[in-house]
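Colleague: Structure provided below as structure tokens; questions to follow.
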Amino acid sequence: ATGNVWAKDGYLVIIKTGCKYNCYILGKNKYCNSECKEVGAGYGYCYAFGCWCEGLPESIPTWPLPDKTCGTK
């Protein structure tokens, strides 16, 4: 706990497509961890083939996006 009361957890989402960041090595995952940290999260790992971030800033959108489902234009 960093004492940041505004943090949330969630799947990282690609804003353009509404898709999750895909990952294949479940659990501890370097790619997810670095992508999550890139947007200010505490850490990230691969859960159900998507990058899950813990301790995300409130301002970072997470999956699912209200107006975009992955795969539809």
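Just so it is clear, glycine is given a Cβ too, placed from its N, Cα and C backbone atoms.
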Colleague: Considering the candidates C32, C70, which is the cysteine that Swiss-Prot reports in a disulfide bond with C51?
Modeller: C32
Colleague: According to Swiss-Prot, which candidate among C19, C36, C46 shares a disulfide with C23?
Modeller: C46
Colleague: Choosing among C53, C70, which residue does Swiss-Prot name as bonded to C19 by a disulfide?
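Modeller: Swiss-Prot says the disulfide from C19 goes to C70.
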Colleague: Do you know the DSSP helix, strand and coil residue counts for the domain 'LCN-type CS-alpha/beta' (8-71)?
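Modeller: Helix (H, G, I), strand (E, B), coil: 9 helix, 27 strand, 28 coil.
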Colleague: What is the separation, in Å, between the Cα atoms of C46 (disulfide bond) and C53 (disulfide bond)?
Modeller: 9
